[in-house]
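Take a look at the structure set out below.
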Amino acid sequence: MMALVKRHLALYFGNKSGVFFSLLGALIAFVLYLVFLKHNMLASWSQLAAPQKLLDPWLIGGTLAVTAVTTTANGLNQMIVDRESGTLADLALTDMSFIGIQFSYLVSAVIIGILMQLVMFAAMVGYFSLTDQFVLSLAAIGPVMGIMLLSSIVWTTFNVLILSFVTNLDSLGKIGTILGTSAGFFAGVYLPIGAVPVAAQNLMKITPFPYNAAIYRQVLMADQLKITFKQVPQLRHQFEQTLGIGIQLQHLTSWQANALILAGFSVVFGALTLVFAKSSRRKAINKV
């Protein structure tokens, strides 16, 4: 199986334009923030001391969530390409089980998701360190790495489920476009969750997007939240609720609750994918 994983990774990283376009949704979110959103958000929270020290990691968290969505989806495209070209059917005739073959695509997509999140994370931290003197807490690095793994698993299972319904290669580009454009909205990057109508908030809350962005933000912003709101603690709840640092259910979710919710989504997506596994196998075998 490791040989197949290496093959999938080589094909993904060998396609430079594909790598770029898998990051396009995250790059758009990042640029939109810098060009259009940052000034307005700084003005909205001007009563806080050095609001950019909160808003920069807020943006990083949301953009990493978008990155996890789009890069794992792009990493799984090879599964559809192999199925439609008959390569998957040929692999199914080898000694490796069909489940093992499918699992190799999942493993490679998770690895791709982690690596590309690391790239975006390093780029954004580096940029904000130079422009806003953003300082990353060393204590946050370990938890962020763990969230990258969790995010990659959640979105890989989600994308496998979505791609189970793809019947031809033409659909891949359309799905990628939809994911790239919708991820920024659902993760609360284009607009904070508190700035959209209640109906839109409720729609966002039934997806993993806001919880993924929230858990990143809670880890990256933890120290600065304590410093900024030490003198104005009454504003902290409003700030966290408006910007989606916690998601308002019965109360604002903690990072532990967000992690459990994301794990739950992953289990549900995985279970649904298994339901459609027989159909996927039949499609592959029919290509023989």
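Note that Cβ sites are derived from N, Cα and C of the backbone, with glycine treated the same way.
Feature annotations, courtesy of TrEMBL:
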DOMAIN    2-219  domain 'ABC-2 type transporter transmembrane'
TRANSMEM  20-37  transmembrane segment
TRANSMEM  103-128  transmembrane segment
TRANSMEM  134-166  transmembrane segment
TRANSMEM  178-200  transmembrane segment
TRANSMEM  259-277  transmembrane segment
Q) What same-chain residues lie close to the transmembrane segment (20-37): Cβ under 8 Å, and 6 or more beyond its ends? A) 59, 62-64, 66-67, 69-71, 73-75, 116, 119-120, 124, 176, 179-181, 183-184, 187, 189-190
Q | Cβ contacts under 8 Å made by the transmembrane segment (103-128) with residues that lie 6+ beyond its boundaries | A | 1, 4-5, 8-9, 12, 19, 22-23, 26, 30, 56-57, 59-60, 63-64, 67-68, 71-72, 74-76, 78-79, 134, 136, 144, 148-149, 151-153, 155-157, 159-160
